[in-house]
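Report on one structure; see the data block that follows.
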Amino acid sequence: MESKALLLVALSVWLQSLIVSREGLATADRISGGRDFTDIESKFALRTPEDTVEDTCHLIPGVTESVANCHFNHSSKTFVVIHGWTVTGMYESWVPKLVAALYKREPDSNVIVVDWLSRAQQHYPISAGYTKLVGQDVATFIDWMAVEFSYPPNNVHLLGYSLGAHAAGIAGSLTKKKVNRITGLDPAGPNFEYAEAPSRLSPDDADFVDVLHTFTRGSPGRSIGIQKPVGHVDIYPNGGTFQPGCNIGEAIRVIAERGLGDVDQLVKCSHERSIHLFIDSLLNEENPSKAYRCNSKEAFEKGLCLSCRKNRCNNLGYEINKVRAKRSSKMYLKTRAQMPYKVFHYQVKMRFSGTESDTHTNQAFEISLYGTVAESENIPFTLPEVSTNKTYSFLIYTEVDIGELLMLKLKWVSDSYFSWSNWWSSPGFAIEKIRVKAGETQKKVIFCSREKKSHLQKGKSSVVFVKCHDKSLNRKSG
């Protein structure tokens, strides 16, 4: 019995020494050039075009053979995808979609997915704090690749979503040499809206930083996405507050019925739209969506910002022109509800004339555009005020390319409620000319009524306008 006990003790000591030995070897493998990489918790999976879903091969800082084992392409660019906060502790469905789109656009590239799921699954404030550690991990990985393999950070493009955008920014601020580009996909707002630049994404974090803001609804600091500009170019699709196809009414109803337990699902639509807009730019390179620089979304809604002079317009997404101004450029555009998201923007200007002073508020209209390729009919718009002898400018957009404009129709829609005054007499204005500017082509056209002036009456038939025959008018508009 005593000999058996001694044998068991000896066996236990031997097993413990074996485990310690193996752990020591594993630790030794991750000490390279005197640098200890064992504190890195984030994982770096090099996904392949054949398998965009699974993390089958990991690049391990400090383990040089891991890079060869994963068939890293040293002569091509590298995309590093950093996910955001998660409730489930698992990757969301957009990750493989973005990986696949990146490989489709850049087949020879490396697409690395950063796994920080264990840290991202904590309560939001805790996960937000972890972005600093994740950023440090990513920066250490990039610097290690630069030192060990002479892989230039200028070949690296970081793409971060939500909290991942700030982790990308912190990584960019910590690398010894700047990375080429960081794309922030609706960077998280809470805990970051008022944070100093070193703790969040900022223009100094890469040679070029572009940002998409898609869910900034709410007061500053409480909106899901950050409201203030944090890049060289900040684009606010549909004003950045809420995206078409995302039902705000349904979201409010579900929160009222179920509480905030399903808030992760509710915010996904507009928050994640930033990712799908970028994916769209990768897959539909022939027709990039165009955004326009503007001081405010209110001015953009009036159609006052459809200029492309002096870098005032830019492509959304992958093919963006890398304009580095001293101040962040805030840009706006409209989109469709589904991919492809591109629309065609128009500024419309018209003067309402009359002999008697008359003012109406919140008036609904419809405009139809007819072009050489297609037409877009009954586009609704509302003017907050319509007054005699005043000129109004507003923005409309079409979901199809109608080609060169040939003709338009304008209708003043009657009120949905019954009005005795409208029953006896319908208000109206004279409109002589309508000026239209196409944002995508930058062409301007002036339309005239078939008579000298067209009388537009509320609730009556549409009025037709055709291209003015006076060449001097259209020459001035060019």
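The backbone N, Cα and C atoms fix where each Cβ goes, glycine too.
Taken from Swiss-Prot, the feature active site, charge relay system applies to ASP186 (among others), supported by sequence analysis. Neighbour list (ASP186 (active site, charge relay system), Cβ cut-off 8 Å, at least 6 residues apart, same chain): TYR161, SER162, ALA165, LEU212, HIS213, THR214, PHE215, ILE224, GLY225, ILE226, HIS271, GLU272, ARG273, SER274. DSSP classifies ASP186 (active site, charge relay system) as coil under the three-state reduction.
Within 10 Å of the Cβ of HIS271 (active site, charge relay system) there are 23 other Cβ atoms, across all protein chains. Sequence annotations record features per position, and here Swiss-Prot assigns active site, charge relay system to HIS271 (among others).
Every protein chain considered, the tally of other Cβ atoms within 10 Å of the Cβ of ASP205 (Ca(2+) binding site) stands at 29. Feature annotation from Swiss-Prot assigns Ca(2+) binding site to ALA197, ARG200, SER202, ASP205.
In the three-state DSSP classification, ASN73 (N-linked glycosylation site) falls within coil. If you look up Swiss-Prot, you'll see ASN73 (among others) marked as N-linked glycosylation site.
Annotation for ASN389 (N-linked glycosylation site): spatial neighbours ARG351, PHE352, SER353, GLY354, criterion Cβ-Cβ under 8 Å with sequence separation of six or more. The secondary structure of ASN389 (N-linked glycosylation site), as reduced to three states from DSSP, is coil rather than helix or strand. Taken from Swiss-Prot, the feature N-linked glycosylation site applies to ASN389 (among others), supported by sequence analysis.
DSSP assignment over the region 'Interaction with GPIHBP1' (35-56) gives 0 helix, 7 strand, 15 coil. The region 'Interaction with GPIHBP1' feature in Swiss-Prot is assigned to 35-56 (among others).
When averaged over the region 'Essential for determining substrate specificity' (246-269), pLDDT in the model lands at 64. Under the heading region 'Essential for determining substrate specificity', Swiss-Prot lists 246-269, citing similarity to another entry as support.
As annotated by Swiss-Prot, region 'Important for interaction with lipoprotein particles' applies to 420-424, with the evidence given as similarity to another entry.
Taken from Swiss-Prot, the feature region 'Important for heparin binding' covers 433-437, and the record attributes it to similarity to another entry.
Residues or ranges marked as region 'Interaction with GPIHBP1' by Swiss-Prot on the basis of similarity to another entry: 446-470 (among others).
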Should anything in the same chain at least six residues away from the region 'Interaction with GPIHBP1' (446-470) have a Cβ under 8 Å from its Cβ atoms, list it; otherwise answer none.
352-353, 360, 363, 366, 368, 405-415, 422, 426-436, 477
So which residues does the region 'Interaction with GPIHBP1' (35-56) touch in its own chain, when a touch means Cβ under 8 Å and the partner is 6 or more beyond its ends?
27, 62, 70-72, 80, 96-97, 99-100, 103, 107, 110-116, 118-119, 133-134, 137-138, 140-141, 144
Non-local residues, at least 6 beyond the ends, that sit with Cβ under 8 Å of the region 'Important for heparin binding' (433-437):
303, 306, 346-351, 405, 408, 410, 443-449, 465, 468, 473, 477
Taking the centroid of the Cβ atoms of ALA197, ARG200, SER202, ASP205 (Ca(2+) site), which other same-chain residues have Cβ within 8 Å of it?
HIS166, GLY169, ILE170, SER173, PRO198, SER199, LEU201, PRO203, ASP204, VAL230
Cβ-Cβ under 8 Å from ASN73 (N-linked glycosylation site), same chain, 6 or more residues apart: which ones?
ASP108, SER109, ASN110
Using DSSP and collapsing to three states, where does ARG200 (Ca(2+) binding site) fall: helix, strand or coil?
coil
